[in-house]
Number of protein chains: 2
Amino acid sequence: MAAPAMETFTLEEIVLPNTSNMAAPAMETFTPEEIPDLEKSSQAERAQWVLNAPEPPGPWRELIHSVRETLLGPCGNKLLALKNQPGPEQVVLFLQGIFPILVWCRSYSVTKFKNDLLAGLTIASLCIPQSIGYATLAKLDPQYGLYTSVVPPLIYAVMGTSREIAIGPVAVVSLLLPSMIQKLQDPVADPVSYTKLVLTATFFAGIFQTAFGLFRLGFLVDFLSHAAIVGFVAGAAIVIGLQQLKGLLGISHFTNKTDVISVGEAVWRSVHHHWSPYNFILGCSFLSFILFTRFLGRRKKRLFWLPAIAPLLSVILSTLIVFLTRADTHGIKIVKHIKGGLNPSSLHQLQLDGPQVGEVAKAGLVVAVVALTEAIAVGRSFSSIKGYNIDGNKEMVAIGFMNVIGSFTSCYVATGSFSRTAVNFSAGCETLVSNIVMAITVIISLQLFTRLLYFTPIAILASIILSALPGLIDLSAAYNIWKIDKLDFLTCIAAFFGVLFVSVEIGLLVAVAISFAKIILISILPGTETLGRIPGTDMFCDINQYPMASKTSGVVIIRVKSAVICFANANIIKESIMRWVTEDQAEDTKLANVKGHNIYKLVILDTSGLMDVDTSGIASLQELHKNLTSHGIELAIANPRWQVIHKLRLANFVSKIGGRVYLTVGEAVGAAAPDAERANIQA
Amino acid sequence: MAAPAMETFTLEEIVLPNTSNMAAPAMETFTPEEIPDLEKSSQAERAQWVLNAPEPPGPWRELIHSVRETLLGPCGNKLLALKNQPGPEQVVLFLQGIFPILVWCRSYSVTKFKNDLLAGLTIASLCIPQSIGYATLAKLDPQYGLYTSVVPPLIYAVMGTSREIAIGPVAVVSLLLPSMIQKLQDPVADPVSYTKLVLTATFFAGIFQTAFGLFRLGFLVDFLSHAAIVGFVAGAAIVIGLQQLKGLLGISHFTNKTDVISVGEAVWRSVHHHWSPYNFILGCSFLSFILFTRFLGRRKKRLFWLPAIAPLLSVILSTLIVFLTRADTHGIKIVKHIKGGLNPSSLHQLQLDGPQVGEVAKAGLVVAVVALTEAIAVGRSFSSIKGYNIDGNKEMVAIGFMNVIGSFTSCYVATGSFSRTAVNFSAGCETLVSNIVMAITVIISLQLFTRLLYFTPIAILASIILSALPGLIDLSAAYNIWKIDKLDFLTCIAAFFGVLFVSVEIGLLVAVAISFAKIILISILPGTETLGRIPGTDMFCDINQYPMASKTSGVVIIRVKSAVICFANANIIKESIMRWVTEDQAEDTKLANVKGHNIYKLVILDTSGLMDVDTSGIASLQELHKNLTSHGIELAIANPRWQVIHKLRLANFVSKIGGRVYLTVGEAVGAAAPDAERANIQA
């Protein structure tokens with residue numbers, strides 16, 4: 001106990017003098033030799049610890065390590081555990097790893113099934129009309145939406161790790177897919193080959209998603225920052241809403257573009273020529289009905305099912321109305337024939353050769369990332385409510401696999417739908433069985449009820465999609481981003497307007513670009529802050545952040561505000577440090593005539609926050625040292641990181657500054673003013 | 001003196017317990033309430049300092065500030081001083097600011113002039129042949145090189161702040177300019193309009209350089225990192241050398257491309273058909289002569305003038321030889337007519353309209369940056385030897401202005417030549433008068449001696465350029481870069497091969513791109529390190545860097561390795577932290593059965609190195625906290641920076657983690673283990 005006590009006492013000796021206005025003897029500069037033995041031993045020792053740190057891992061090792069960090073998911077230790085298991089159990093564990101259903105089905109019970117059944121039927125009733133609507137949004141025949149609500153949910157049910165997520169077609173993907181594919185093939189001119197391209201894109205999307213999962217590239221999904229997603233989804237919601245005007249106004253000639261201006265023009269043109277008010281009236285009335293039920297559902301939690309089945313109700317009602325009044329003869333646009341029956345195979349429709357395959361693959365990649373982002377965002381947000389963890393990489397494999405199989409069975413890209421997942425959750429689902437129930441329900445309706453949907457007005461589908469959009473525009477999130485991080489908000493806004501006024505992909509691209517530009521900016525933004533001692537500690541902190549921090553006379557302690565001293569900011573940092581010193585010097589010399597001291601003898605560079613310094617950075621540090629020396633000022637380095645001190649040592653910078661490298665700013669200050677300590681020891 | 005002593009003593013109380021293996025009572029987690037009053041007061045107080053720091057400057061203020069930092073050069077305080085001066089003195093100061101010659105000419109003396117005269121004549125003798133050679137390299141008529149050695153040096157002499165720099169045409173620029181201009185206009189097909197474009201590019205380069213200086217955008221030059229320049233210049237040197245093979249082998253048909261492969265092909269083709277060995281023999285013999293003299297100059301410092309005048313000597317000798325032997329009739333290629341007389345005006349030749357102006361301006365920009373980079377590198381390296389400072393922005397104005405005027409007087413882009421500056425320096429120049437002397441000498445030779453150069457063999461010019469190249473390939477610098485920073489070396493190599501195998505601009509582009517990609521990589525590379533207490537201090541450092549650092553039982557202290565926790569790395573960081581805890585947890589529980597304690601109660605996140613955290617980062621910090629809580633582990637934050645704590649407070653993260661924010665890791669540890677302290681107080 002004694003030794004450390006003494007050590008720390010001597011430590012205090014170093015620090016305390018700087019609280020009191022430093023005494024005259026502290027004014028000369030001190031070479032390490034002059035430091036009293038007792039002090040020197042422990043301090044020099046620590047300085048040696050800094051200098052003689054073991055060899056840090058090389059950049060490649062660093063890189064490989066952090067790649068491993070990135071790739072080795074949380075199931076890493078499971079894998080380790082797996083190694084120690086005997087043969088058969090290994091197989092079981094392995095299978096359980098791929099098919100989580102094997103784990104949770106054991107503890108499955110009748111009561112759980114009751115809840116899942118209820119939840120399943122509820123989301124089915126919401127899913128059927130939405131699927132048809134999203135299919136039309138994706139410029140596909142309605143049945144493709146229903147197909148997409150059959151196979152993917154079933155596959156996800158056995159492979160997924162989330163419990164609440166409801167799989168199927170979603171708005172954003174249904175918008176993104178055509179916006180990229182219709183450049184290659186006009187859906188109106190040749191719907192068949194357009195559908196083929198969409199299915200091919202789905203296949204590629206599935207492959208990419210599976211690959212991301214298998215190679216644990218989950219972090220790629222993170223490249224869409226929270227802010228970017230908020231802006232992007234909000235923009236997409238508005239674009240989708242505009243697309244629905246076609247159905248709501250019963251416009252026959254519409255634009256293929258998605259940006260506000262061209263859609264606005266198209267609507268404006270049509271409104272002046274041919275549009276049927278009946279569509280509009282019918283659509284709006286049911287839209288208001290759906291919104292009203294949602295309002296009720298919000299008010300009374302036990303009425304959660306009402307908004308859930310409202311869409312189905314309005315489909316049935318409107319279909320009946322049209323059927324009885326034969327309103328389709330009065331200009332009400334109707335769905336007409338929906339092909340019934342189970343998912344047909346679409347293996348032969350995939351076009352994996354030909355000139356367009358590259359473009360289609362690119363579209364697949366973009367959709368894959370967006371779909372994964374939504375699915376994982378949905379999954380995480382609900383799993384964190386129930387307090388369990390979902391494995392991002394495993395999720396990707398599941399979603400990817402379901403989309404690959406989907407592309408073989410006439411499904412387009414499916415993912416986790418936020419609106420339906422929310423319903424599923426509030427309907428009290430227990431496991432993914434609710435998805436199975438939903439899928440079966442859709443199968444039944446595909447077999448029996450499709451021809452009943454003949455008279456369903458398109459305006460209703462539009463109003464159903466419209467009713468789902470407000471949930472996508474998250475103003476409070478946007479406000480939070482604005483409140484917390486203005487630059488993040490810029491990303492958000494850029495994504496929003498990019499989607500709105502240019503195109504969906506451009507919006508995404510701009511958002512990602514800005515996000516990374518921001519990182520560069522923050523990392524190299526030059527700037528320095530002077531540190532002062534926090535009373536009662538030997539901490540030295542930014543005197544702007546801590547006004548109570550006390551400056552140490554004769555010493556200027558500077559911390560660089562950027563993470564790296566590199567080619568881009570090294571010179572500016574050097575010059576601003578020189579300015580700190582020289583300008584203060586200028587002032588102080590005026591004072592000097594009065595007080596007789598208070599001129600800097602030492603500049604301490606606190607490098608604790610410095611991640612890296614490159615050769616340009618070291619070069620300008622050496623220039624800084626030269627310039628300081630010409631002003632008769634010494635340079636000391638405090639608390640350098642592993643890589644930094646290693647590089648400085650390699651560049652012989654340490655020896656150049658006379659080995660003035662210390663573990664803490666406190667010790668650097670102390671080393672400069674030992675006499676003051678002696679004074680304190682006597683005191 | 002008493003108060004701080006007590007404070008610091010209590011500080012030790014916090015720290016010491018963690019050196020000894022923590023005692024049993026420390027094993028429960030403690031809410032701040034339970035901390036003893038004496039301790040609480042000061043510690044809680046400091047925690048409040050962290051939390052109630054004044055509002056940090058907003059991002060815009062921050063941005064504007066660092067922009068000001070960047071733009072306000074070191075002459076900032078001069079300007080301030082200027083304000084306080086009366087009228088007439090202001091004018092003088094202002095003029096002196098623009099024309100530094102007004103400052104140093106006062107103290108000019110005869111002795112100084114003697115040195116300058118000698119130095120001036122020496123660099124003139126080197127400059128004349130080099131200028132002719134570089135002009136041919138730039139695919140211009142020889143006299144343009146001489147013109148460029150007249151006007152720019154004179155203008156720089158009155159405006160420049162460097163004292164040694166020798167202005168004129170240089171190799172790299174003479175290579176870069178045609179490589180970009182000849183895409184627009186073939187110099188062989190139509191030399192006149194090619195020359196016009198070159199002069200226009202020169203004009204734009206000058207404008208850009210002046211603008212950089214006036215708007216203090218000096219930092220733009222820094223975007224070419226040291227490593228990039230080393231690689232780029234070395235690559236350029238080799239490319240230039242290959243270009244000289246044309247003259248050295250007397251090849252008439254040569255390629256316009258600059259990359260190794262196409263030049264190699266061109267040479268190979270020509271060597272098999274028509275080349276005159278005489279050119280080769282003549283060139284090589286004089287090349288070896290020049291190199292020999294340089295060798296001598298290196299050996300005996302007082303013979304420095306020998307390598308300097310060797311080129312001129314060999315020009316004179318070779319010209320005489322050819323003249324006497326009429327060797328030009330035997331296939332020796334000669335310069336033929338060089339237009340004599342002073343610089344003609346080229347105002348009317350500038351083409352500031354037309355379709356190509358955009359491309360020409362782009363070329364001008366690239367050349368401007370490269371030229372400035374070389375000039376400032378040269379200036380800095382020699383000024384730092386003599387120990388005075390050169391003002392980067394003022395330099396840019398001077399160089400820009402001289403190039404603008406140059407473009408009016410038939411000069412192409414001039415800048416500081418490294419080889420001639422070195423000669424100027426070793427010739428003992430005192431001021432820029434040596435440049436004036438050089439210019440006058442060139443004028444005289446333009447007036448009188450140009451027709452004497454009729455018989456000068458082109459092979460000699462090639463060998464003179466070749467002899468200058470080895471100085472451009474800085475192997476030791478490349479080795480240093482490799483030794484210190486492998487990633488920097490990658491930039492260097494990329495620039496080198498980019499120039500060598502693709503093109504000069506691509507080489508530059510690649511280098512800049514890699515440099516910035518590196519910054520992103522370093523800033524977001526995820527990874528965490530556990531900290532331990534350095535014995536005898538209350539510092540907590542990376543236990544890998546400091547093996548003697550002691551872990552604190554029951555507490556895991558983690559520092560994030562990256563500069564920002566943002567969308568790109570937040571999730572990975574979160575997961576790796578969770579892995580830290582849970583895996584160790586797993587091990588420790590095994591131990592727990594033995595020891596009966598040693599399970600983590602607290603995770604302390606040392607955020608001292610964290611520059612920024614964005615909304616995605618905060619989101620995943622909140623997830624981290626949730627997950628930790630579900631493991632019964634608390635989360636504490638130590639030493640957050642201004643911006644970071646501000647954002648965390650705005651996001652209510654601080655309240656979420658129960659206000660566990662501390663000034664230092666030590667205090668965070670102490671707060672978790674007050675009983676141990678009590679024990680120490682009794683002890």
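Yeah, the Cβs are placed from backbone N, Cα and C, and that goes for glycine too.
Transmembrane segment is the annotation TrEMBL gives to one range among B:278-297, B:358-377, and that range is B:278-297.
Among the ranges B:396-415, B:556-575, the one that TrEMBL lists as transmembrane segment is B:396-415. Put simply, of B:155-177, B:197-217, B:303-324, B:396-415, B:452-473, the stretch with the most CB pairs closer than 8 A to the transmembrane segment (B:493-517) is B:155-177. Counting Cβ pairs closer than 8 Å and at least 6 residues apart in sequence, the transmembrane segment (B:278-297) and the transmembrane segment (B:452-473) reach three or more and so form a contact. Contacts between the transmembrane segment (B:303-324) and the transmembrane segment (B:452-473): present, as 3 or more C-beta pairs lie under 8 angstroms, all at sequence separation of six or more. When each of the listed stretches B:155-177, B:197-217, B:223-242, B:452-473 is scored by C-beta pairs under 8 angstroms to the transmembrane segment (B:396-415), B:197-217 comes out highest.
Sorting the domain 'STAS' (B:565-672) by DSSP state (H, G, I as helix; E, B as strand; all else coil) yields 63 helix, 15 strand, 30 coil. Cβ atoms under 8 Å from those of the transmembrane segment (B:197-217) belong to residues 70-73, 138, 140, 177-178, 180-181, 184-185, 346, 349-352, 356-357, 360-361, 363-365, 367-369, 371-372, 393-408, 410-413 of the same chain, restricted to positions at least 6 beyond its ends. Mean model confidence of the domain 'STAS' (B:565-672) amounts to 81 (pLDDT, 0 to 100 scale).
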